[in-house]
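A.B. asks: Next up is a structure, given as structure tokens.
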Amino acid sequence: MRFELLLVGCAVLLVAAGEGCKLEKKFYRHSCPNAEHIIKTRTTHLVSSNPYLPAMLLRMHFNDCFVRGCDASLLLNSTAGNIAEKDAPPNLMLGGYGIIDDIKAQLEAQCPGVVSCADIIALAARDSVSVPFKKPLWQVLTGRRDGRVSIGAETFVNLPAPFFNFAQLKANFGSKNMTVHDLVVLFGAHTIGLAPCNSFSSRLYNFTGKGDQDPSLNPTYAQFLKTKCKSLTDTTLVEMDPNSSTTFDTHYYINLLQNKGLFQSDAALLTNKASKKFVLELLHQKRFFTEFAQFMKKLGNLEVLTGTSGEIRSKCWLVNS
Ligand code: HEM
Ligand SMILES: *[C@@H]1O[C@H](CO)[C@@H](O)[C@H](O)[C@H]1NC(C)=O
Ligand SMILES: *[C@@H]1O[C@H](CO)[C@@H](O)[C@H](O)[C@H]1NC(C)=O
Ligand SMILES: *[C@@H]1O[C@H](CO)[C@@H](O)[C@H](O)[C@H]1NC(C)=O
Ligand SMILES: *[C@@H]1O[C@H](CO)[C@@H](O)[C@H](O)[C@H]1NC(C)=O
């Protein structure tokens, strides 16, 4: 009841002010008071048996928000005649869908039709990364609603590729109203997680098409990577932040400055004066954490559906009928 009033209030405001509703703190406090607690408890439990879960969920959040905003369009399954985002090549390595379904089922049992899949992704990503710190690393505002459209082809236009150079990265982030500073801070997310060899192996084996190695890649590190990645098509998973790939810290930037960034797009951050300056600043752990928190909030706000837009899916992989 209260929930409906809130929605009406927001819809009226929307018309009056000519703008969409904003996300807010604890949007579910009346409609599903335990929602955030359930998400946190379940996520924390699941992380204890899967140290790579935080990386999966963080990437899921990013890949969802950069295509049609943070609307859980990434979770929708393909249907006859439509290839959805999750089945497009840039997303094929993603995991963690089952985790979101698991959490959603628990929420539906308590408060059917109330908590959006889009909010579950945002909260679970934050909570999973935060587990070792025993406090939330960034604030997640809530009230996102779920989209009804997911188009695989949109991933190519919206998601940055690992071979992007600095200009391409800047343009990509610019298209989301994000700055070079945002870019450098958010890239720190690569302090956790794994990447398949074929997302960077041209740097090892065929950089300019002459069977050569990327000269900007640290030769010792390249040697090490070649022991893991045997060929251009190898899909073996390697740590993105060597020996620290389950620890959320500033190691990403330390490695990067030693020319040990894994992707061309990582190395690209050193090719621009302004972005290199930000890399140096972010070596300071406290600064990285503060700024990462601010930019996660910005990421989580991208083109969100609020008020009466979109819907609250009852199953995250399927639009309501
Ligand atoms: C800006 C340009 C970016 C590029 C080109 C990029 C590219 C990639 C690629 C190629 C992978 C390997 C996994 C795969 O092939 O699917 C990866 C993994 C990952 N990315 Fe990024 N990424 C970018 C930005 C971000 C941002 C902004 C975040 C989060 C806020 C992020 C979080 C992650 C995480 C956590 C992983 C590890 C996933 C896992 O272990 O399952 N990335 N990224
Ligand atoms: C939806 O897709 C996932 C894989 O992305 C698959 O595991 C699941 O079975 C699908 N669900 C349905 C109902 O088709
Ligand atoms: C970027 O900002 C412009 C102007 O405020 C706005 O119209 C546009 O929707 C924004 N784009 C995104 C992706 O948020
Ligand atoms: C290396 O790249 C060149 C140019 O793109 C291509 O012709 C050649 O087949 C590649 N070599 C291998 C081993 O794939
Ligand atoms: C990771 O740790 C191992 C064992 O301590 C060490 O031999 C290796 O060089 C390290 N890898 C990198 C890339 O730093």
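Glycine is treated like the rest: Cβ placed from N, Cα and C.
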A.B. asks: Could you identify, going by TrEMBL, the member of C32, C70 that forms a disulphide bond with C65?
C.D. replies: C70
A.B. asks: Under TrEMBL's annotation, the disulfide partner of C32 is which of C10, C21, C111?
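C.D. replies: Record-based pairing for C32: C111.
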A.B. asks: Which of D234, D249 shares the Ca(2+) 2 site with T191, D241 per TrEMBL?
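C.D. replies: As annotated by TrEMBL, T191, D241 share the Ca(2+) 2 site with D249, chosen from D234, D249.
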A.B. asks: Can you give me the same-chain residues 6 or more apart in sequence from D241 (Ca(2+) 2 binding site) with a CB-CB distance under 8 Å?
C.D. replies: H190, T191, I192, G193, T247, H251, Y252, N255
A.B. asks: Taking Cα atoms as reference points, rank the binding-site residues G69, D71, D249 by distance from C197 (disulfide bond) and give the first.
C.D. replies: D249
A.B. asks: Near C197 (disulfide bond), how many other Cβ atoms are within 10 Å of its Cβ?
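C.D. replies: Within a 10 Å radius of the Cβ of C197 (disulfide bond) lie 22 other Cβ atoms.
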A.B. asks: Using DSSP with the three-state reduction, classify C111 (disulfide bond) as helix, strand or coil.
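C.D. replies: The residue in question, C111 (disulfide bond), is coil (DSSP, three-state).
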